[in-house]
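Annotated features, as they stand in TrEMBL:
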DOMAIN    15-532  domain 'Metalloenzyme'
BINDING   21, 72, 458, 459  Mn(2+) 2 binding site
ACT_SITE  72  active site, phosphoserine intermediate
DOMAIN    93-312  domain 'BPG-independent PGAM N-terminal'
BINDING   131, 161, 162, 197, 204, 276, 277, 278, 279, 351  substrate binding site
BINDING   417, 421, 489  Mn(2+) 1 binding site
Ligand code: 3PG
Ligand code: CO
């Protein structure tokens, strides 16, 4: 149990933490869908309540460097755990640099498994460093050759979501040249299949299994439109589907004489080179589960399978993994549970695991006293529904608040992020407006219950909807003069607002130098009248 705080007995009513996904604080209003949105409730919050900015990217959330943008996994891990851990991106880079990955049993088993067959790598094909990094893939392919593997096939999921929206050729062209150069002395490495990451394979949280089924037919069965190389496929598909950005491109298969070059067969080895779990779990289940029933696999090859990391510590998924995940312990969820605090967590499908699984340190299980509610997301491109399920999440939160059953409640509004990722500026302004409307409904209920809210975000996205020119720092332009849409997250800090109409001005927020998302757990503990856990970063609550 956490110790009681001497200076503050804690809020009498509920404490609500609201994560506005993808809501960063931009330096400039140009290209910010947040600045362009009409958002009277948010404006009122920033004008009238204590608010500070928090670091949400780079080393503040356990990424290898401050050049790395934040993302929902590391952001929610930091918020929920109250601590910063070296995250997958950093752990894998370190394991490769030190060579520890090659000495590990899992890599040895993969190499042994591939000696008589083919070694396949499936994963997100970019240097976004959110789910994967292409340098990790290159290191593994080169090492596989050194260790005597003869055939390597890569199944490349085109990104355009964590990197510029039409950058696929920046990766396929040099990478296919790299594979060709390496393909000497009886070694043969090629890209065998692929497609847009939001079209195949990388679904999350059971939102749309048909994406994974399409990926299976592409990577494993080798079914689909055939091309001579990945580069040729990208060029041809762009011509065939004008305006389609990389993340949405349809699947492709690389073939020679009408025959796919890299179907996955019995006796092969498969490495899923994504280190992040949410979008890796479903395809992993398709490979690992004997009694798999999410779709008809047609053929389920017996392969030696490994994930880059273990994606779910509770489900032990996958069984074999190349690098140990961060050992996230003593999270706020666990300690509030041990302190008898009833907790409620809610979001729509697309972000449901963020406020449950990521929040609790990549564990799909629940701590005692936790209640989860998932609002099913629409299965549509979100620029068509920028309001997403903000109203339904507000409904669920209001009902949970009014039930009086929960002392802490947390939710995530996905809009700023999911619509921000589409690169559609107009839709992103509506996304922000939808969140504003939801807050306008939620805040009075918090007041009525005598509660307090912390309003924050996990990283930026809608705050910069145009790519900035590296030299001029002004929005970059397409050939036709339009601005180049930016689909990725930003490096901007995020807000932390203390919505408090109950303490009579006793409470405020400290602007601690370098404060980041990991300071939120201790702040929450103090607001509940507890000392922070010794492992958590400092509280930002000022008690006057
Ligand atoms: C995604 O998976 O959608 C993006 O790569 C990262 O977005 P998220 O970190 O906000 O989920
Ligand atoms: Co995002």
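Glycine residues also receive a Cβ, built from the backbone N, Cα and C atoms like all the rest.
Just so you know, TrEMBL annotations never went through curation; they're auto-generated.
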Model confidence for the domain 'BPG-independent PGAM N-terminal' (93-312), as mean pLDDT, reads 98
If you rank the binding-site residues 204, 277, 421 by how many other Cβ atoms lie within 10 Å of their Cβ, the lowest count goes to 204
Of 21, 162, 417, 459, the binding-site residues listed, which put a C-beta under 6 Å from ligand 2? Please answer none if none do.
-> 417
Sort the binding-site residues 21, 131, 162, 458 by C-alpha distance from residue 489 (Mn(2+) 1 binding site) and give me just the closest.
-> 162
Could you tell me which three-state DSSP class residue 72 (Mn(2+) 2 binding site) falls into?
-> helix
Give the maximum pairwise CA distance in Å, whole number, for the residues 131, 161, 162, 197, 204, 276, 277, 278, 279, 351 listed as binding substrate.
-> 17
Contacting binding-site residues, sequence order - 72, 162, 204, 277, 417, 458 vs ligand 1, Cβ under 6 Å = 72, 162, 417
Per DSSP (three-state), residue 489 (Mn(2+) 1 binding site) is coil
Going along the chain, which residues six or more apart from residue 459 (Mn(2+) 2 binding site) have their CB under 8 A from its CB?
-> 21, 22, 24, 56, 57, 69, 70, 71, 72, 75, 417, 489, 490, 494
Using Cα coordinates, what distance in whole Å links residue 162 (substrate binding site) and residue 421 (Mn(2+) 1 binding site)?
-> 8
In the chain carrying residue 131 (substrate binding site), residues 6 or more apart in sequence that have Cβ under 8 angstroms from it = 123, 124, 162, 202, 274, 275, 276, 279, 280
Taking the centroid of the Cβ atoms of 417, 421, 489 (Mn(2+) 1 site), which other same-chain residues have Cβ within 8 Å of it?
-> 21, 22, 71, 72, 161, 416, 418, 420, 459, 461, 462, 487, 488
Mapped DSSP class for residue 131 (substrate binding site), helix or strand or coil | coil
Cβ-Cβ distance under 8 Å, sequence separation of 6 or more, same chain as residue 458 (Mn(2+) 2 binding site); the residues meeting this, in order, are 19, 21, 22, 56, 70, 71, 72, 75, 76, 79, 354, 412, 417, 494, 517
